[in-house]
């Protein structure tokens with residue numbers, strides 16, 4: 001059993017994600033997109049980076065690469081899929097998850113640590129936390145503003161599919177704590193096939209290794225641990 | 001620009017005939033100041049480039065040093081630095097972006113994986129529109145390229161000075177990781193091996209970039225020289241990084257060189273010359289982006305994201321397969337030869353046939369006059385403490401650079417234990433179980449006021465940054481920027497920064513393993529201040545480092561420096577308020593000082609550390625306070641707050657006695673006062689005093705963010 005971290009041309013967080021998963025004792029390997037998913041795949045990460053140079057639109061090209069058909073089939077069959085940053089953009093472009101991530105309100109790339117509040121602790125990605133917990137995660141994106149039409153936004157909220165919301169250190173959701181102008185300060189959502197599919201803009205793999213500081217992201221990656 | 005008459009005569013004599021069009025162009029570029037260092041090489045012998053840990057000294061694409069390991073499996077650090085000054089003036093976004101691309105490929109060609117970038121940027125007055133436009137464009141270019149290729153930008157510097165008005169500087173360094181098994185050099189190994197060009201297609205971009213970099217910027221450079229600026233594609237570069245990594249993994253590379261200045265002609269001739277070999281190249285075999293290119297254009301195009309590899313004949317197919325896997329093209333363009341002749345044909349006709357070594361090494365050196373710079377007299381302005389504090393702490397030079405590094409991905413590759421914004425970044429090198437501290441920069445105020453002493457101060461300041469985080473220097477690379485060397489006063493200033501930097505690095509026993517020289521940074525606005533950018537790395541056990549921010553619970557000590565009277569030469573205060581002074585005295589034995597600072601930084605009792613440099617103690621203290629922690633300190637005079645003597649660190653400690661003991665016989669220790677828990681900066685300076693709360697300080701320090 002292994003977690004496949006799919007490497008597209010231009011992915012750049014694939015090695016980081018494998019390293020973070022392995023530090024938690026979760027077996028993982030990088031899979032070059034043209035090689036297809038391994039037969040024993042038990043989980044899939046669409047990692048961060050600039051797949052296809054973000055040309056056209058962030059995530060748009062990768063969403064149409066052949067391996068995404070395999071990812072979609074696996075998701076339908078119940079395999080956990082997590083899209084991080086550029087992987088989140090790919091997930092939305094591939095309609096695995098609703099909405100889209102678009103240009104930050106600042107119109108600039110932003111690399112910094114933010115606080116997010118756990119909105120639904122009853123998913124594989126958040127069961128290590130309590131609802132309302134505030135955790136610190138790094139972001140690094142130029143196109144992380146979550147956009148979605150109002151009807152579907154309401155459905156998402158009603159169905160408890162918001163994983164994380166940007167917030168102040170004390171958990172208050174404010175416009176100032178929303179780093180990119182995301183609707184309802186949404187940092188991550190679960191997918192159309194169930195909550196085993198999820199995407200988020202912050203980088204849990206950058207908040208996992210204890211020797212460089214923050215470890216609040218471990219709980220997200222723990223979602224791949226076999227029960 | 002074309003080949004000068006004396007050069008042309010030398011070439012004709014050597015060849016025994018008139019050079020062809022392609023040869024003229026090749027000699028013009030390879031013998032330019034940018035490639036041949038004709039005015040600087042006579043000075044560069046001053047640098048100590050050797051040391052017990054040096055694996056590859058200067059002269060290759062990048063220098064390599066070892067982080068020693070007890071099990072004998074040393075980790076190697078590859079380092080290189082490059083300037084992209086003129087291109088960044090003409091086209092700030094692309095000029096800066098391709099500067100990043102070029103220095104990353106220098107690291108690839110050593111068989112190393114790039115793990116960090118540093119950027120030192122210099123612009124004209126921040127208050128003026130054009131420098132601001134360049135600043136924004138350059139930062140965006142670096143951000144775009146560096147972020148896309150997944151190499152974190154972890155350190156750097158930004159300075160504004162009138163002298164850069166017509167000629168900004170963009171100095172980019174890259175650090176990579178390799179080991180003895182993976183190390184590759186740019187020295188061709190054997191005749192009969194194949195030369196394979198891998199990467200993006202060759203087009204007509206960046207023609208004559210090397211010679212463009214070797215003359216003063218003309219008034220109309222922005223429009224006239226645009227074709228000499230390359231356009232980069234970070235997506236291709238990332239594919240090239242992955243491709244190079246797999247080629248190294250499978251041990252398919254005999255030698256490698258990236259294509260930079262003077263394109264294929266430069267890279268391939270230097271590669272074979274270094275191995276004492278020649279080459280036979282068929283230029284039409286190069287994969288091209290546009291039709292109808294002639295041999296000269298193919299030879300000298302500076303199209304980006306390309307590498308040339310020496311490959312054993314049996315391995316050529318595998319190399320092509322791997323390139324194709326990463327959507328890159330590979331062309332078998334020729335082979336290495338025994339005769340030492342660099343021979344290129346285009347569609348069957350010989351276009352270049354010249355001794356490879358003569359191409360690279362034949363350019364005569366310039367013997368230029370220089371005038372020694374003089375130290376200024378003391379002429380100090382009236383000093384009101386509050387105004388001085390606001391002016392200096394609120395200056396864009398000393399202000400927070402968060403606006404810059406927030407746009408750089410500084411955490412990708414999950415090694416960043418101390419991020420930018422502190423004295424030095426610290427990366428975790430897990431295989432060696434060592435923290436790698438990285439500091440980069442120079443201060444034009446220092447070297448404009450006193451080139452020799454200022455350059456020594458630059459070296460000491462970078463070492464102090466590293467030591468303040470508990471590391472000791474391992475190696476450095478330098479980027480020496482100067483104006484038109486044919487002016488004797490400009491050359492005198494340049495010579496002084498070379499000597500100053502060389503002297504301090506050798507005193508610190510820090511080998512300088514690579515470098516770059518950029519001259520002719522001169523425009524209608526006049527020459528730049530001589531600018532010796534240094535990127536220095538150091539190592540420490542483990543990855544933890546004391547923070548810059550105060551805890552609020554300790555005693556504040558100022559350690560290091562000398563007992564000399566404070567002086568304001570080269571200070572931000574005089575840059576803002578006018579006046580002149582001699583440059584501060586530097587410590588006599590900085591090596592022991594640096595070691596002691598590093599030792600004290602790692603004491604259990606040390607709560608925070610921050611070096612004193614640009615803006616002096618006033619800025620250091622302002623940078624240490626927060627809403628939760630302030631300072632209550634006393635110094636002898638206002639001048640002492642703005643003196644920028646480097647080699648000093650403010651230490652917040654719970655055990656002042658242990659710090660005094662450590663510095664006994666090494667350097668002075670001065671008690672400044674106490675850290676407090678109220679977030680107020682309270683300073684008594686002789687007769688004057690000052691109080692500011694954390695919010696006031698943050699507002700002053702936020703000037704760049706505020707304005708852009």
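The backbone N, Cα and C atoms fix where each Cβ goes, and this holds for glycine too.
Among the features that TrEMBL reports, domain 'Phosphoribosylformylglycinamidine synthase linker' is placed at B:1-37. Residue counts for the domain 'Phosphoribosylformylglycinamidine synthase linker' (B:1-37) by DSSP state, with H, G and I taken as helix and E and B as strand, are 25 helix, 0 strand, 12 coil.
According to TrEMBL, the active site annotation covers B:34. Neighbours of residue B:34 (active site), defined as other CB atoms within 10 A of its CB across all chains, total 26.
All chains included, 27 other C-beta atoms sit within 10 angstroms of the C-beta of residue B:515 (ATP binding site). Feature annotation from TrEMBL assigns ATP binding site to B:37, B:478, B:515.
The domain 'PurM-like N-terminal' feature in TrEMBL is assigned to B:59-177 (among others). Mean predicted confidence for the domain 'PurM-like N-terminal' (B:59-177): the pLDDT average there is 95.
The domain 'PurM-like C-terminal' annotation in TrEMBL covers B:190-340 (among others).
The region 'Disordered' annotation in TrEMBL covers B:208-227.
Annotation comment: TrEMBL describes B:421-538 (among others) as domain 'PurM-like N-terminal'. When DSSP labels each residue, the domain 'PurM-like N-terminal' (B:421-538) comes out as 44 helix, 43 strand, 31 coil, counted as helix, strand and coil in that order.
Summarising the annotation, TrEMBL assigns domain 'PurM-like C-terminal' to B:555-682 (among others).
The Cβ centroid of B:37, B:478, B:515 marks the ATP site; residues of that chain outside this set whose Cβ lies within 8 Å of it are B:40, B:44, B:47, B:58, B:479, B:480, B:512, B:514, B:516, B:517, given in sequence order. Residues B:37, B:478, B:515, recorded as binding ATP, reach a greatest CA to CA spacing of 14 Å.
Here the domain 'Phosphoribosylformylglycinamidine synthase linker' (B:1-37) has long-range neighbours at 44, 208, 210-215, 261-262, 265-266, 269, 295-296, 299-300, 344, 346, 350-355, 358-360, 362-364, 485, 517-520, meaning same-chain residues at least 6 beyond its ends whose C-beta is under 8 angstroms from one of its own. Counting every protein chain shown, the Cβ of residue B:478 (ATP binding site) has 31 other Cβ atoms within 10 Å. Note on residue B:37 (ATP binding site): other Cβ atoms within 10 Å of its Cβ, all shown chains, come to 20.
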